[in-house]
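Report on the following structure.
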Amino acid sequence: MAENPGGQNHDSLRQLAQTHKRDNALLAKLGYKSEFKRAFSPIHTIGFAFSIMGVCASVSATFFFPLMTAGHLGMTFGWIIPSLFVVCVTLSLAELTSAMPTSAGLYYFSAKLAPPEYAPLLSWITGWANVTGQILLVCSIEVVNAQMITIAISISTDGRINLGPGPTFGIILASLFSHSIICASNSRILAKISLFTGFINVGTTISTAIALIVVPGSNRTPARDAFLLMENNTGWGNNPWAFILSFTGAMWVLTGYDAAAHISEEISDASRAAPLAMITGVVGTEILGAFLLIGASFASSNITRIVNSPFSLPMGQVYLDTFGKKGMLAVWSLCIIVQWVNGITQGVDASRVTFAIARDNGLPGSRWWKQVHPYTKTPVYAVWLVMCISAIIAVLVWSNTALSSLAGATVVGLYSSYAIPILLRITYGHKTFKPGPFNLGRWSRPIGIIAVLWALFVSVVLLFPLNPHIKSSNDMNYAVVIVLGVFMLSSLSWILSARKWFRGPVPNITEDEVAKATALENDRDDETMAGAYEKGSTEDSSERISESKEQ
């Protein structure tokens with residue numbers, strides 16, 4: 001009996017090694033050699049997908065948008081409606097990731113699905129939009145975490161200490177420094193952190209949502225009002241339009257889920273695990289986020305009081321009113337932890353995109369950013385580049401108006417990069433696309449059409465200010481400035497230089513290395529078939545052979 005566990009462990013290790021051979025063979029066929037450790041198991045990848053959206057922290061951070069635009073209706077249906085459309089975007093991206101699991105992700109998809117003569121340009125546009133959105137999201141997460149910490153300090157000292165922009169910027173720099181160290185660590189460490197925090201994230205969200213409904217008692221909002229009462233605190237006189245603007249909060253939270261694609265070279269059984277994590281992370285976040293916002297709606301019986309809260313994040317006022325000082329600080333501390341880890345996962349995501357573009361020589365100084373550290377097996381220089389750029393952008397902490405514009409610019413950048421490869425998948429690339437294990441089949445085009453239209457819709461909506469009566473610079477939504485600035489920069493760089501040398505994804509593996517990786521995969525198939533014949537009946541063996549060939 002003592003030998004069996006050891007034998008099972010040996011079989012598991014052999015199966016894992018065989019899975020990695022298959023992953024590396026597929027990556028070689030896509031044009032790249034394996035440079036990372038595949039330390040993310042399917043369950044670790046799901047934990048990573050949950051962590052990158054950080055439900056309890058992210059919803060608490062973006063509560064301002066539904067609160068201001070539509071009140072209770074914005075908290076409930078302002079979350080539910082965009083969630084339904086985001087599922088379509090997720091399914092389309094999951095299908096592409098399953099077929100082409102590489103860190104390059106979206107811009108690689110665009111290059112392979114576009115007409116050959118336009119592939120470099122479309123790849124360039126997608127890459128710039130995605131990396132811009134990724135870095136802006138890193139900065140947004142760090143700023144929100146710093147705001148959470150300053151609110152916690154203010155409440156714990158009963159308002160005696162209120163940190164200004166200077167100290168807040170210092171907190172941001174300290175957080176970025178800690179993340180630059182951890183994001184450059186071994187992938188195994190990152191996998192364990194994301195899985196552990198995934199449990200904290202889910203547990204905190206569920207318990208807080210229940211408490212928000214139960215604790216207020218008779219003071220909670222009536223059920224009908226909690227779901228349907230519209231309270232427009234914007235300057236827009238059109239209530240339906242104000243309600244549409246409430247989607248901003250949901251769209252900021254439901255971003256970054258393409259991270260599963262960008263870490264696919266670090267995932268075991270990537271063509272299956274990455275799309276599964278992507279879908280599980282988004283659907284799970286949508287369900288938990290709806291639950292938490294419904295709880296917040298029940299607890300927000302006085303919208304006017306919360307809107308006029310002195311806190312930069314009004315959800316802090318909801319927690320304080322509901323749980324008291326100690327209870328609020330307990331929940332808020334967990335949100336800070338989740339948000340801090342959210343910064344880690346997003347930092348990993350952004351650094352892998354940066355690495356992948358540099359690997360294809362698409363960035364100035366690419367020879368540095370594409371290097372993988374020989375010990376950690378992670379792109380250390382790319383991590384530091386992302387953190388340094390985020391620190392520069394974080395100077396906007398001195399302007400609350402500019403900071404609020406980051407949310408819109410982040411979503412526009414990311415969803416533009418989502419829309420381009422999906423559009424190519426359902427148009428020019430429809431006949432040439434070779435699906436992976438996860439395939440939408442005949443539903444691919446209808447779902448893709450919905451996904452593209454939604455991405456275009458929210459990209460326009462999020463450029464509008466919450467108040468149309470612009471009397472000063474404080475009323476502006478600078479998202480359009482950020483987006484146009486990046487568009488102009490990328491366009492000029494293409495016209496003046498990149499069109500002469502950028503060719504999209506560049507293979508960094510020789511034909512001999514591809515053949516070797518494929519041979520190793522074939523060896524695995526032969527071993528599996530031989531083991532099947534040795535084990536028993538002809539019927540069982542035939543099934544094993546069939547499964548092996550399909551893989």
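Every residue gets a Cβ built from N, Cα and C, even glycine.
Annotated range for transmembrane segment in TrEMBL, selecting from 43-65, 112-134, 342-364: 43-65.
The stretch from 77-94, 447-466, 478-496 with the most CB pairs below 8 A to the transmembrane segment (405-426) is 447-466. Counting Cβ pairs under 8 Å to the transmembrane segment (236-254), the top-ranked stretch among 43-65, 193-215, 274-299, 380-399, 447-466 is 43-65. Ranked by number of Cβ pairs under 8 Å to the transmembrane segment (77-94), the listed stretches 43-65, 168-187, 274-299, 447-466, 478-496 are led by 274-299.
Across 43-65, 193-215, 380-399, 478-496, the stretch most heavily in contact with the transmembrane segment (274-299), judged by Cβ pairs under 8 Å, is 43-65. Scored by C-beta pairs under 8 angstroms, the transmembrane segment (168-187) has its highest count with 380-399, from the stretches 43-65, 193-215, 380-399, 478-496.
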